[in-house]
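Undergrad: Mind looking over this structure? Questions follow.
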Amino acid sequence: MGWDRSERSLPSQVEDGIADSGQSRLSQLGYKQELKRDLSVVSNFAFSFSIISVITGVTTLYNSGLTNGGPVVMVYGWLIAGGFSMLVGLSMAEICSSYPTSGGLYYWSAKLAGPSWAPFASWMTGWFNIVGQWAVTTSIDFSLAQMIQVIILLSTGGANGGGYEASKYVVIAFHGGILLMHAILNSLPISVLSFFGQLAAAWNIVGVFVLMILIPLVATERASAKFVFTYFNTDSAEGINSKAYIFVLGLLMSQYTLTGYDASAHMVTRIILLVAFSNKLTAFEICLALLLSVIYLCLARRQKLNQPVSLNLLSQTEETKSADVNGPRGIISAIGISVIVGWGYIIGITFAVTDISYLLSSTNDAGGYAIAEVFYQAFKSRYGSGVGGIICLGVVAVAIFFCGMGSVTSNSRMAYAFSRDGAMPFSPLWHKVNSQEVPINAVWLSAAISFCMALTSLGSLVAFQAMVSIATIGLYIAYALPIFFRVTLARKSFIPGPFNLGRYGILVGWVAVLWVITISVLFSLPVAYPITTETLNYTPVAVGGLLFLAVASWIISARHWFKGPITNIDT
């Protein structure tokens, strides 16, 4: 298990004096280099960090965590989801090392399923992946629109002080404006986008550490360690009494946040545990913070690593140098560090939680947006004004914005790759790149579809939630399919790349597949009782609908003309 530098490793291609094994491997797989390989270690690290955005996932789903189990589920559920996500990531990293193409998941499925099943496997994986990615962008940017609405509400007096509450039409207008800005930014050359990505990483790094330390430090009332690590909230779940059931529902926050597997520079948790009890840091904590900072700076300086992409950013591998080596390295390190820092962020914020029922109540100043109320009250209780809390929410909002920007980048590269192989309607249009080697049409297509998906919120939030549920379940199905083919049809024929799991590959792969099956079932369960049209979990309907459309289109039409990934190098 690990890095294989033997004769079986893929050769490097030297171009302009720079060895790039990823480009060489791409050529071997039958693809011509069309997207510019201009993402360095820092740039790819930046995209990875901004797309996973622990701040985004935890902050926007904190209500769900508090409602379904509270502190215990958030603290320990995060570690459970993180552990299994690491196993999924390890399997993905092994495959990524062998097939570093922009198509990522669907290309892997085609290669691993074998000639007979390749077209169908590629078709199903590709559509689950791309629709899931569009749903992720929809969810991220809609969360930002809601965050902006809450910031405006608190800035104008709060729900109890006559503050302005935006209508659903204003929120969807915010969403459209955010997507427009993301599309414009993603239309810029990759070198410019790289700068914004690095800015995003810096913002996320500073933001997550500032918030996890500042909020419990400022709060005049803090929860005890016993509350944070042992309290199980069963009072907020609607009609559900089983703790096991509640715990399962509470895992959604963790699993959604870890969907992208593309974080990178996350560190520490230990600082939070002590900061919550003291108004000053101990010498140990200061030393630890300095040590972690040095580690990060050292990683940032290792330019020769050219660190890469990870699951959501697998669609950017063709823009990454030596992606067959750096892709796996990025996936593995990103998941591990993300789990650690995410855990620290959850613990830090939860130390400022003292009244769960009030935080979830629509009668509070934030209108029931729990974490916004935590930030607001922390500053208001100490300084008599919640302005500091609003500024902290602004920090979160900017992080979410960068997260959405990276998501659109990922969407467009996947659309580019899928259309390159003729799988999408009007494929030649979406496959075009401009003079800056940016798939410009795919960028605007991704933004447009994400906006259309959000329009369902105008009719019903239930319908909207069903739509974006594909973000978690749909993407994980796309993750699991190539792994499943790896451990079954390609069990003996798989040729590993520089990174491989050795004899543990099959075992890790099966555990990963079983975990995806498990969460797909669990997240389809009802979230409230009694079951009505308003409380029914429509996730099975949304995911089942996507499955039906993909299979039906295959049977009716695609099986006659779609042959799976095609090469663009004459042989």
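Quick reminder: no glycine exception, Cβ is built from N, Cα and C everywhere.
Residues annotated as transmembrane segment in TrEMBL: 41-62, 74-93, 105-128, 134-157, 200-219, 240-259, 271-299, 331-353, 383-404, 442-464, 470-489, 501-525 (among others).
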Undergrad: Can you tell me which of 134-157, 200-219, 470-489 gets the most C-beta pairs within less than 8 Å of the transmembrane segment (105-128)?
TA: 470-489
Undergrad: Between the stretches 74-93, 240-259, 383-404, 442-464, which wins on the count of C-beta pairs under 8 angstroms to the transmembrane segment (134-157)?
TA: 383-404
Undergrad: When only pairs 6 or more apart in sequence are counted, do the transmembrane segment (74-93) and the transmembrane segment (383-404) reach 3 or more Cβ pairs under 8 Å?
TA: no
Undergrad: Against which stretches of its own chain does the transmembrane segment (470-489) lie, if we need a Cβ under 8 Å and a gap of at least six residues from its ends?
TA: 88, 91-92, 94-95, 105-106, 108-109, 112-114, 117, 121, 124-126, 128-129, 131-133, 135-136, 138-139, 252, 255-256, 259, 311, 505-506, 509-510, 512-513, 516-517, 519-520, 523-524, 539, 542-543, 546
